[in-house]
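Report on one structure; see the data block that follows.
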Amino acid sequence: MLKGNIFHLGCGVLYFMNFSLFLFFLIAIQGICLYVGRRGSKKVEDRESYFLAGRSLKIFPLMMTFIATQIGGGVLLGAAEEAFCYGYGGILYPLGVALGLIFLGMGPGKRLAEGSLTTVVSIFEVFYGSKKLRKIAFLLSAGSLFFILVAQVIALDRLFSSFPFGKYVTVAFWIVLASYTSTGGFRGVVRTDVIQAGFLLIAVLVCGVSVWLSVPKSLSVLDPFQSLPCAKLSNWIFMPMLFMLVEQDMVQRCVAASSPKRLQWAAVGAGLVLLLFNFIPLFLGSLGAKAGLKAGCPLIDTIAYFCNPSLAAVMAAAIGVAILSTADSLMNAVSQLIAEEYPTLKAPYYRYLVLGLAVAAPLVAIGFTNIVDVLILSYSLSVCCLSVPVGFYLLAPKGRRVSGAAAWAGVLVGALGYGWVQIVSLGMFGELLAWVGSLVAFSFVGFIEITWKNKVKTQT
């Protein structure tokens with residue numbers, strides 16, 4: 001869930017679209033979500049029903065909630081912007097997310113769906129036997145997701161910034177979002193995700209086909225595309241795939257599946273849909289560059305240039321829906337992490353956790369001017385520290401165990417390595433080196449432990 005590029009949405013692009021149609025679609029979709037989402041509150045009885053929908057999700061709703069959560073404003077805008085610079089080489093930007101979902105469905109997700117653990121942080125206490133590591137993992141996991149939630153607030157504010165009273169429009173949509181997310185629980189989130197993902201897929205497909213039919217048969221390229229730096233492979237493919245393992249909103253969906261087999265079909269299906277879907281923003285971004293459009297928001301600018309302001313409004317509404325669909329998932333996932341850390345909290349109070357996060361995120365957003373740097377810090381640090389111990393639990397054969405010492409080594413070396421590569425500025429490969437350091441430390445301590453145990457068994 002890499003949302004950094006949502007902040008390139010400039011205010012000026014919104015002057016090229018139909019404001020009334022834009023608001024109509026957003027209000028209509030959110031109105032439906034408010035009605036459908038609040039209906040989920042009728043089945044909320046305990047923690048499992050509120051945060052996991054009673055572990056009853058079938059293939060279609062599960063696949064749609066994967067799509068709605070991962071398609072985000074960052075994937076839409078980011079893919080188009082990278083294609084604007086690098087042409088179809090920009091496929092690497094969303095490729096990491098799509099491959100991450102497929103990887104999740106083929107292996108790690110099945111382990112979560114058939115197990116009893118409900119959060120990523122509980123692995124550190126139950127499997128590695130360390131309550132302190134669980135606390136550290138909680139702070140890293142909840143913190144990273146919360147700052148991504150803050151990013152959605154800023155993105156929504158940027159989207160409405162060209163409107164008269166844009167701040168009030170942002171607040172109104174945020175209140176509606178908080179209302180159906182808090183009352184309906186995870187079941188309500190999934191129901192709204194089905195609606196939002198459906199609108200997203202249809203809207204973007206219609207816009208893409210309309211532009212494709214409107215493009216002249218011969219279109220000269222005014223400026224050649226830039227060559228794609230090899231260093232982008234780390235941030236675009238590797239880190240998003242690893243983040244899938246430690247991202248609580250993805251873990252939550254895996255655990256909520258009614259069976260491991262259904263989880264596998266849903267995750268792999270969502271990954272394939274995203275992979276194909278992202279060729280549309282890639283096409284629009286590269287087309288905008290070929291047409292000589294100025295760098296702004298290639299996704300909306302290209303549609304407005306080749307078609308009309310009304311179709312540009314549909315795409316802008318899709319971006320707004322993508323932001324909101326990501327935000328409700330984040331609210332629910334962070335609330336689940338907090339509820340699991342404080343098990344004495346009763347079910348009727350869970351909704352107040354969501355409402356508290358809905359209030360806190362805009363307040364924190366006020367204090368940031370360059371949220372992209374904070375986002376990169378949040379997801380990269382959690383990947384470098386947590387993905388190796390979590391990955392071992394999810395991928396190792398059942399019955400294979402290592403002590404908490406190996407997990408401590410992986411977490412500490414990952415954190416120290418990440419700090420070091422930031423200081424010495426090794427570029428985009430720095431995070432990968434920090435992760436490799438975590439892997440080496442975890443493996444080394446685990447190997448010593450296994451060797452020692454085998455030696456003791458031999459002597460006895």
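Any Cβ shown, glycine's included, is placed from N, Cα and C.
Features of the protein shown, as given by TrEMBL:
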type     : residues : note
TRANSMEM : 12-36    : transmembrane segment
TRANSMEM : 57-80    : transmembrane segment
TRANSMEM : 86-106   : transmembrane segment
TRANSMEM : 136-156  : transmembrane segment
TRANSMEM : 162-182  : transmembrane segment
TRANSMEM : 194-213  : transmembrane segment
TRANSMEM : 233-251  : transmembrane segment
TRANSMEM : 263-283  : transmembrane segment
TRANSMEM : 303-327  : transmembrane segment
TRANSMEM : 348-368  : transmembrane segment
TRANSMEM : 402-420  : transmembrane segment
TRANSMEM : 432-452  : transmembrane segment
Please figure out which one of 162-182, 233-251, 402-420, 432-452 racks up the most CB pairs under 8 Å against the transmembrane segment (303-327).
162-182
Any contact, the transmembrane segment (86-106) to the transmembrane segment (57-80), with at least 3 Cβ pairs under 8 A:
yes
Can you work out whether the transmembrane segment (402-420) touches the transmembrane segment (348-368), with the criterion being 3+ CB pairs under 8 Å where the paired residues are 6 or more apart along the chain?
no
Which one of these stretches, 57-80, 162-182, 233-251, 263-283, 348-368, has the most C-beta pairs shorter than 8 Å to the transmembrane segment (432-452)?
233-251
Counting CB pairs under 8 Å, which listed stretch among 57-80, 162-182, 194-213, 233-251, 263-283 touches the transmembrane segment (348-368) the most?
162-182
Rank 162-182, 233-251, 263-283 by Cβ pairs under 8 Å to the transmembrane segment (57-80) and hand me the top one.
263-283
Out of 162-182, 233-251, 263-283, which stretch has the largest tally of CB pairs under 8 angstroms to the transmembrane segment (194-213)?
263-283
What else in the chain is close to the transmembrane segment (162-182), if you only count residues 6 or more beyond its ends and a Cβ gap under 8 Å?
11-12, 14-15, 19, 23, 26, 30, 33-34, 36-38, 153, 156, 188-189, 192, 320, 324, 327-328, 331-332, 351-352, 354-355, 358-359, 362
